[in-house]
Structure formats: C-alpha cells, structure tokens
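Student: Below are the features listed in Swiss-Prot for this protein:
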type     : residues                   : note
ZN_FING  : 4-60                       : zinc finger
BINDING  : Cys9, Cys12, Cys33, Cys36  : Zn(2+) 1 binding site
BINDING  : Cys24, Cys27, His46, His50 : Zn(2+) 2 binding site
ZN_FING  : 78-101                     : zinc finger
REGION   : 155-193                    : region 'Disordered'
COMPBIAS : 160-170                    : compositional bias 'Low complexity'
COMPBIAS : 180-192                    : compositional bias 'Low complexity'
REGION   : 229-253                    : region 'Disordered'
COMPBIAS : 269-285                    : compositional bias 'Gly residues'
REGION   : 269-294                    : region 'Disordered'
REGION   : 466-486                    : region 'Disordered'
REGION   : 507-599                    : region 'Disordered'
COMPBIAS : 513-532                    : compositional bias 'Gly residues'
COMPBIAS : 538-547                    : compositional bias 'Basic and acidic residues'
COMPBIAS : 559-593                    : compositional bias 'Low complexity'
Amino acid sequence: MSRHEGVSCDSCLKSNFNGRRYKCLICYDYDLCADCYEDGVTSTRHLVEHPMQCILTRSDIELYFGGEMLASDQPQSFTCPYCKKMGFSDATLLEHVSAEHTETSLEVVCPVCAGLPGGEPNLVTDDFAGHLTLEHRQGPRELISFLDEPSAIRHGGGVRRIPGRTLGGPRTRRSNMHFSSSSGLSALSPSGRESVDPIAELLSQLSGVRRGGPPTSQLQQLQMQMQLDRQQVTASRQIDRLPRRAHPIVSTSNSNAAMAEVISGGAGGSGGSGAVGSGSGGGSGATAPPNLRTTEWPVTASFSTSASNHSQTQSSLAANSLNAREAIGTSSSAGSNVLGISVGVGGTANGNGGAGSSGVATGAGGAGQGGGQGGAAAGESFLLAQFMQPTFTEAEWAVVESMRADRSMFVQSLMLSMLCTEALDLNASDESLAKSDNVNKGQQQQQEDAEAEAQAETLLNNNADVEQQQQQQQLQPAMVRQVNQMQQTSPEDFVCDEYRYKNKKANTTQTSGTGGLGGAGATAAPGGGASGAGTKPTADRGIERRSGRPPPGEMATGSQQPQQQQQSTANPAASQQKYKQNASAATAAGNTNQIPDTR
C-alpha cells in the first residue's frame, strides 16, 4: 500500500496522496500532506504549534526499515500530544505521559490509535494516560493474549514469561512475539510457574467496569484478537525471511531457559539417560564444542555407547573454517564425555567430564546433578578439540603439496604476466613520448629558424631605410641651394647681360674710330687719339655702373685696338670701310649718349 487511502489533505485538498501524512493531535480530523506540513500551513482552527503525528504507508516503512527486524504494520515512533516531543514507543509514551503530564486534562487525539492500521484515527480523549494504560499497555503480559488468559488460569497454567528469556534471541519489538500457553507449560517446571499478575487483573476489572458491561469487554477482546492475529502474521513473515538452519540450535544468550524444550531425552539404563550423553554405569557421550563465532551450541554429534567404563568412545567432530579442512578425532576413557552433559528423568544423572571439562546436568521432572572431575594429566588431553592438528597420510600430503605447488605456480605466472604487460606498456609509452618529443623539437627548431630569418630581413630593411634617409638628407641641401640659385637668376638677367655686352662693344668700336681720325687730321695733337682711346665715355660708365660687374669682352676690346690701327694703316681700303662702320657706330653711340644720367 503506497497511498493513504480515504485520506485527503485539508490544505491542498489532495486525496489518496503519497508520502508522509501528518495528523494533528489537537484538531479533530485534520490531516496534511508532506508539502503542506513543510510549508507551515495554518487555518482558523489549526496552528503551527499543534503537535503532529507522522504516519507512513506500508511501502515507505518497508523502504525505510526494510533491513531491520521491525514490524511493518505500526509506526516506529509516536509524538506526545502535550509537549510535541517525538520518538516515543507505546510503552515509553505511557511512561512519559504518566511522569510529566499527570495533571493535564486537554482533549487530544490518540497518536497510537491514529497510527495503527486498524485503529480509530480520530479518537479524542481527555484522559490520555488512562487511555494508554487500558488500550495500549503491552508490558510483560504481552506473551499471553486476553482471549487465552481465562482458559490458562482455569487449567492452572497461567504463565507469563519474560520476553528477554524466551528462545530465539532477545525481543526487538512486541510484534515479533507469538506465543501459546502450551509452550509455556512445557517449558517451565511447576516450581518456576508464576502467579497471575494482580495489577493486570485489577486493570482488566477496572476496564470492564469503566466500559460499562460485557459488550465493551467483548469489543476489547475482539480488538486484542485482531492485534494478536496481526502479530502472528508479522512473526510468520519474519520467520520466513530468516535463513534456514539444518539443525536446531540453542543460543547461549538464552541459556537460562529450559533446555528440555530443545533437547529431546530418551530412556537409558540405570545410570541415567539424555539426548547428549547416554550409557550404563556412569554414562558417556560426546558433543560438539561451542562455535566461537556464533556462540551457539550445535547438537550434531555421533555417539557410541560402551558396555563398561573402560570402553573407548570415538566421536567425529567437523568444524568449518575459512580455507582449511579440520578433521578432529577424540577419544576418552573411564566413562567420560567431552562436555559431560547428561539429562536424567525422574532420577539422578551423573556426568563425568573429561580432563579439564565441566559437567552440566538439567532435569525436567525432578532434580539433576552434574559434576566435573579432572583427568590423569592436563598434558594428555586438550581443552579445545577443534584446534587439534589433523593427521594426513602420505598420499593426502602429496595431494596437498601438489595443490599448493599448482597455486604457487599459477600465482607466479600471473604475476609475471602482469609485470610483462606493465613493462610492454611502459616501453610503448616511452617510445610514444620520445617520438612526440622529437616532433616537438623539430617544430620548435623550425619556428626558431623562421623567427631568425624574419629578424634578419627586418634588420636589412631597417638599414636600407636608414641609408636612403641619409642620402636624402645629404641631397636636400644641394637641391635647396640649386633652387635658391635658380630663384636668384632669372631669364631677364641673361637678356640684360647680353644687352650690356652689345652696348659696350659698340662704344668700344666708336672710341677706337674717333681716336684714329684725330691722329690723321691734326698733327698738333698727336696724342689725341691715344687720349681719346684711353678715356671711357659716359655711356659706358653708366652701363657699367648699372651692371655692377665688368663686361666679359672689355679686355678683348682693349687688346684689339692696336691691331685695328695696324690694319688701317696697312690696308687703306679696309680702313675706309672700317671708318664708315665706326662712323655709323659713333652716330648710334651719340644717340645713346644723349640720354641724361639721372643718377
């Protein structure tokens, strides 16, 4: 069952919801789902301070407590409706309420009834402690139901056994206990029977009076019967879950219980009889030693009886170990057994233990006595037989040695193969690492070479740029000077220089002609031509003053003047023609000399 059937959340109105269910122990019929409870939902009648009982579904209980030996039909903890403390069982809740809330008379909802599958979910009571005492008190009386109690009392067998002393281990929860009056009668002797608990009898009478008659008592009996049926079903399920054992065992934790229920006795001779040791005279037998791991006494022994006290008894005891086989054989004399356990019925049973062993005797119908006596010498026997070394034949030893050798060879070959595999893996990994290192080194070298070439190219480019800049810087002043010269000398200057040169040449020619005429016509002034030739006209001085530099043909004109005179004297025709030219040049010079010099 994974849903809360027939239950709806009073906040979100979700019906048949999954998960945890929280029931308010103050408000009547008020339930919340896990989400609404965690959100702290409140209403006009419900507050956050109200105690809530958490109820789980059967599937959730199996999920949470599946590996534990707990009942699956009841919640594992209850909440106090007065102080909101959690984690109580039904018994501890009763003790808590009786100790701390005796004077509280608030009407609350019973959390035990609300948590039980077949209980009343909305049972409101103002005497919560009394309700727990009458309805949910399950103490030492839980081993006998209310339906079986009157018949047990009538037959004189009203026995209530303590749960901690029953067979099958200590009690974990009350639902794990199932019982019957017949088992109680067969387990205990008449001297160990207990009388009816007077407090329980008084409470049962008060419950009948409080409920007001037989119908209420019958209802209580029906409820107890239903609860008993549920407990029996739960116990049967848990027994089915337990592992099957091949032989019955007796736990050492329950050693005080009656061993007659487990050990079945048989009739013997005059000395005594029992399931453990049997014989005539003193009684001899053997049993298995206690298992040191589980502290249990397995009754698995093979017995051999002897007719006299001097007969020898041999028992084969098998003990399980982890990886070895132990075959234990023991023999004892003088009518002794290993543990000296003998059971007598209606008489006296004596058990003589071996060397250093103890004797145990129990009786169901009468009294039993047992004693342990020491053997001849402590060194001749062993206290713990299971630690005796087994004896093997040569063939068995050979088989054992061969198996050991096979195992050692197998382990050796396995280790060698593993080491070889690891070595191969390491070599392969080293080779791959070496290859990768070589590849990385080659790539790194290529990168370095490329970087070096790039740096060299950049250096060459930088040097070329520097040289070009230097050349440009050197050529720039020359170009500037050339430009300045070109700016200073224009075409007009060349025209002016040529004009000046022509004028000066014409003046020179005129002056040379005038001097010749004066020398030829007047004898009174023989040096007139020379003087005329030696003086510069005013026009020449003006032109020379304007130009600021001598004409390039001045020296040539001065040198040509005596040559012209010689030619004129040597060739009269040429001199006449030259005279005409000089005259024309003189008239032209006279025209030019008429310009006044304003400077």
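Using N, Cα and C of the backbone, Cβ positions are placed for all residues, glycine too.
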Student: Relative to the mean position of the Cβ atoms of Cys9, Cys12, Cys33, Cys36, the recorded Zn(2+) 1 site, which additional same-chain residues have Cβ within 8 Å?
Tutor: Asp10, Ser11, Leu13, Lys14, Phe17, Leu32, Ala34, Asp35, Tyr37, Val41
Student: Whole-number Å distance between the CA of Cys9 (Zn(2+) 1 binding site) and the CA of Cys24 (Zn(2+) 2 binding site)?
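Tutor: On Cα coordinates alone, these residues lie 12 Å apart.
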Student: What is the separation, in Å, between the Cα atoms of Cys12 (Zn(2+) 1 binding site) and His46 (Zn(2+) 2 binding site)?
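Tutor: Taking the Cα atoms only, Cys12 (Zn(2+) 1 binding site) lies 14 Å from His46 (Zn(2+) 2 binding site).
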Student: Tell me the Cβ neighbour count for His50 (Zn(2+) 2 binding site), meaning other Cβ atoms within 10 Å of its Cβ, over all protein chains shown.
Tutor: 17
Student: Find the average pLDDT over the zinc finger (4-60) in the predicted model and report it.
Tutor: 88
Student: On the DSSP side of things, how many residues of the zinc finger (4-60) fall into helix, strand and coil, could you say?
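Tutor: Breakdown, helix to coil: 9 helix, 13 strand, 35 coil.
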Student: Centre the Cβ atoms of Cys24, Cys27, His46, His50, go out 8 Å, and tell me which other residues of that chain have a Cβ in range of the Zn(2+) 2 site.
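Tutor: For the Zn(2+) 2 site, the extra neighbours are Leu25, Ile26, Tyr30, Ser43, Arg45, Leu47, Met52.
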Student: Near Cys33 (Zn(2+) 1 binding site), which residues of its chain come within a Cβ-Cβ distance under 8 Å, counting only those 6 or more away in sequence?
Tutor: Cys9, Ser11, Cys12, Lys14, Phe17, Gly19, Arg20, Arg21, Tyr22
Student: For Cys36 (Zn(2+) 1 binding site) and His46 (Zn(2+) 2 binding site), determine the Cα separation and express it in whole Å.
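Tutor: Roughly 13 Å, rounded to the nearest whole number.
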Student: Quick one: of Cys12, Cys24, which of the binding-site residues has the smallest count of other CB atoms within 10 A?
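Tutor: It is Cys12 that, of the binding-site residues Cys12, Cys24, has the fewest other Cβ atoms within 10 Å.
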Student: Just to be sure I understand, if DSSP states are collapsed into helix, strand and coil, how many residues of the region 'Disordered' (466-486) fall in each?
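Tutor: Secondary-structure breakdown of the region 'Disordered' (466-486): 21 helix, 0 strand, 0 coil.
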